[in-house]
Every structure is written in C-alpha cells, then in structure tokens.
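Working notes, structure below.
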Ligand code: DAT
Ligand code: MG
C-alpha cells in the first residue's frame, strides 16, 4: 500500500545549496516525486503548518525562520513513505541525529535542521492540502 508524505527543504537547506542532495536521497530511497515547488511561505501558511507548536516558546522563531527565505515543498509517494522519509531525515535535534541521515550529515542546530517530513497519515493529508491544494 502506497502513501504520500509532505517534505520541506527548509530555507536553510535552500540557502546552503543542498536541495539537489536532499532530493537525490529521496529518489535513491525509491520514493516517487509527485509534486515539487519552490515557494516563499506566507506567514499564515507557516502558522497553520506548525499550529501544533503554537504554544511552544520557540514558535515565533520557527515562523520567522520558515518564512525567512524560499523553501522547496514536495510530495513523495511510496510504501510507508511517511516513516521512510522520517528515517532519512533523522532525529529533530541534528546533534543527536545519526550520521548518514540528512540532519545528521548537514546540521548542528535544532532550529535549522534542513528538512520537514509529515509525522502521521493525518498530518500528511493536512499538510499536503495546505501546500498543494490541487493534489
Ligand atoms: P520534527 O521537525 O522532527 O517533526 P517537531 O515537530 O517536534 O520536530 O518540531 C518542529 C520544528 O520545530 C523542528 O523541526 C525544529 C523546531 N523545534 C523543535 N523543538 C525545538 C526547540 N526545542 N527549540 C527550537 N526549535 C525547535
Ligand atoms: Mg513535526
């Protein structure tokens, strides 16, 4: 059974020129690209995307960061795509993330951890609608 996940290469990943590296890892894993777009997020979209974190002390910084430059949003599809991409991404804290994962290889700070991946079928559906309403 195939499923879809929403992946973001956040503004730090775009700024550092590793979009190709991240997309290559997704493709090498065998996930299929269904949609891909470079966008500059409006504040309202960023706040909706991270609504579950709205009460956290870092929420303001998170919204500033994610709206601070262009990002690449994509939808990938495959068997257990949600879990498969979370494994490629590594732990939220890049210092704890295993080497060989995207965060483990390319990041040092939790607030700038290069990628986002949906964490459940419900959030994937919600996030895909938010970024790609046409899908
Ligand atoms: P993930 O992106 O692994 O799903 P999350 O949903 O818990 O992690 O948090 C969303 C993002 O918020 C995360 O990628 C980076 C930021 N973040 C999380 N915890 C943080 C913290 N303690 N300080 C600063 N930023 C944090
Ligand atoms: Mg999350």
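Including glycine, each Cβ sits where the backbone N, Cα and C put it.
Please treat TrEMBL annotations as automatic predictions, because they have not gone through curation.
What TrEMBL records for this protein:
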- 116: active site, pros-phosphohistidine intermediate (ACT_SITE)
- 10, 58, 86, 92, 103, 113: ATP binding site (BINDING)
- 2-135: domain 'Nucleoside diphosphate kinase-like' (DOMAIN)
DSSP helix, strand and coil counts for the domain 'Nucleoside diphosphate kinase-like' (2-135)?
59 helix, 32 strand, 43 coil
How does the model score the domain 'Nucleoside diphosphate kinase-like' (2-135) in terms of mean pLDDT?
98
Just how spread out is the ATP site if you go by the largest Cα to Cα distance in Å among 10, 58, 86, 92, 103, 113?
22
Please list the binding-site residues from 10, 86, 92, 103, 113 whose Cβ falls under 6 Å of any atom in ligand 1.
92, 113
Rounded to the nearest Å, what's the C-alpha distance separating residue 86 (ATP binding site) and residue 116 (active site, pros-phosphohistidine intermediate)? Just drop the number here, would you?
8
Write down the Cα-Cα distance for residue 10 (ATP binding site) and residue 116 (active site, pros-phosphohistidine intermediate), rounded and given in Å.
7
Those residues of the chain, 6+ apart, with a Cβ under 8 Å from that of residue 58 (ATP binding site):
111
Which site among 92, 113 has the most other CB atoms no more than 10 Å from its CB, taking these as binding-site residues?
113
Mind telling me which of the recorded positions 103, 116 has the densest Cβ neighbourhood, counting other Cβ atoms within 10 Å?
103
Run through the Cβ atoms and count how many others sit within 10 Å of the one on residue 86 (ATP binding site).
20
Please list residues from the chain of residue 10 (ATP binding site) whose Cβ is under 8 angstroms from its Cβ, counting only those at least six apart in sequence.
65, 66, 71, 112, 113, 114, 115, 116
